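These notes are about the structure you will find just below.
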Protein chains: 2
Amino acid sequence: MKLLKDKILNEGKVIDGKILKVDSFLNHQMDVRLFNEIGKEFRERFSNDVVTKIVTIEASGIGIACMAAEHFGNVPVVFAKKTLGANIVDETYSSDVHSFTKNQCYKVKIAKRFIDNSDKVLIIDDFLANGCAALGLIDIVRQAGAEVVGVGIVIEKGFQPGRKVVEEAGVRVESLAIIEKFDNDRVIFKE
Amino acid sequence: MKLLKDKILNEGKVIDGKILKVDSFLNHQMDVRLFNEIGKEFRERFSNDVVTKIVTIEASGIGIACMAAEHFGNVPVVFAKKTLGANIVDETYSSDVHSFTKNQCYKVKIAKRFIDNSDKVLIIDDFLANGCAALGLIDIVRQAGAEVVGVGIVIEKGFQPGRKVVEEAGVRVESLAIIEKFDNDRVIFKE
């Protein structure tokens, strides 16, 4: 997706040769015009699939998922929570996720009421690196007996094992920008 | 806003006579068609105002803010973070917020790069109760020397002091549904 790659090249910052900072348009400040194009692109990539629900994870997946949902006939979006507030007393599906960025484990949870075995779920997230968050969401969707249509990712770190672990779980991955490597402070995309 | 009030009456659940649970459409599962109407309504309420940026707070404000931004000419959305990931090394504006729901204090932060003194900021959030989150966001916007155009709220608990404290800070509040009280398990709207 050219628009996205240009944005990454123009505004992304590589820190210590390993972290890509895109907080000016993706995960702190959000460029909603870009999000709209991202949503459109996800719809094209999954144009042959029925999608009844989009699942994402708080916080940075939410904006992208909502804007994408508009292109999937306004299907409901459910975001997995990392912690549950005092006012959630529901039965939940949960899965353990390890965050390499923060170097800690956390549980992700979704109330059982919001996914059932008739759902065909597209999982959307901003980044794919080690695949831990994606695997956690796949696990939750499958606990509900629902079908995972695929995983839609904005930026994939192609040099990390995320794609491999998700595909080994039998799930298709569509990433709008795949980074092959960081050459010092420069982003090199795959193909 | 009739569509929203109907949704609250049909799907909201009052717990222990004091907590309104609207997680089937607002803050866990998200009804993006409703979010779109909410965005349209905010635009109407602030139709005489110039808005250059929308500021919200993670996580449940994000979807609403992004969909609203489409109606404000695709202005950027910035969400305040409750904790900062390892990859944020920026200078930030921060403010302390007390959460009554979770009975704890937390800091909200926004990187300084994303608000400046030319900005006219609309603050959007899902709930207004005690006004603590809204006051924290107003504080941050003003630290940046920017103007707060107003606070747009989806559901206001009219029996709590949120509106009063925000208005005393000199900021206009627009809430799309104002709850006067809970009559046992029933929601009674103001007017």
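Heads up, the Cβ atoms here are built off N, Cα and C, so glycines get one too.
According to TrEMBL, the feature xanthine binding site maps to A:L20, A:N27, A:K157. The 5-phospho-alpha-D-ribose 1-diphosphate binding site annotation in TrEMBL covers A:A129, A:N130, A:G131, A:C132, A:A133.
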Cβ contacts within 10 Å for A:A129 (5-phospho-alpha-D-ribose 1-diphosphate binding site), all chains included, total 22
In Å, rounded, how far does the Cα of A:A133 (5-phospho-alpha-D-ribose 1-diphosphate binding site) sit from the Cα of A:N27 (xanthine binding site)?
-> 16
Around the recorded 5-phospho-alpha-D-ribose 1-diphosphate site, report the further residues of that chain (criterion: Cβ within 8 Å of the mean position of the Cβ atoms of A:A129, A:N130, A:G131, A:C132, A:A133; site residues excluded), sequence-ordered.
-> A:V97, A:H98, A:F100, A:L128, A:A134, A:L135, A:Q160, A:G162, A:V165
Per 10 Å Cβ neighbour count, which of the binding-site residues A:L20, A:C132, A:A133 ranks highest?
-> A:A133
Between A:G131 (5-phospho-alpha-D-ribose 1-diphosphate binding site) and A:N27 (xanthine binding site): CA-CA distance (Å) | 18
Listed binding-site residues (A:N27, A:N130), ranked by Cβ neighbours within 10 Å, top entry | A:N27
If you take the centroid of the Cβ atoms of A:L20, A:N27, A:K157, the listed xanthine site, which other residues of that chain have their Cβ within 8 Å of it?
-> A:G12, A:I19, A:K21, A:V22, A:L26, A:D126, A:F127, A:A129, A:I155, A:I179
A:A129 (5-phospho-alpha-D-ribose 1-diphosphate binding site) to A:K157 (xanthine binding site), Cα to Cα, whole Å, comes out at 5
If you run the three-state DSSP split on A:N130 (5-phospho-alpha-D-ribose 1-diphosphate binding site), which class comes out?
-> coil
Cβ neighbours within the same chain of A:G131 (5-phospho-alpha-D-ribose 1-diphosphate binding site) - under 8 Å, at least six residues apart = A:Q160, A:P161, A:G162, A:R163, A:K164, A:V165, A:V166
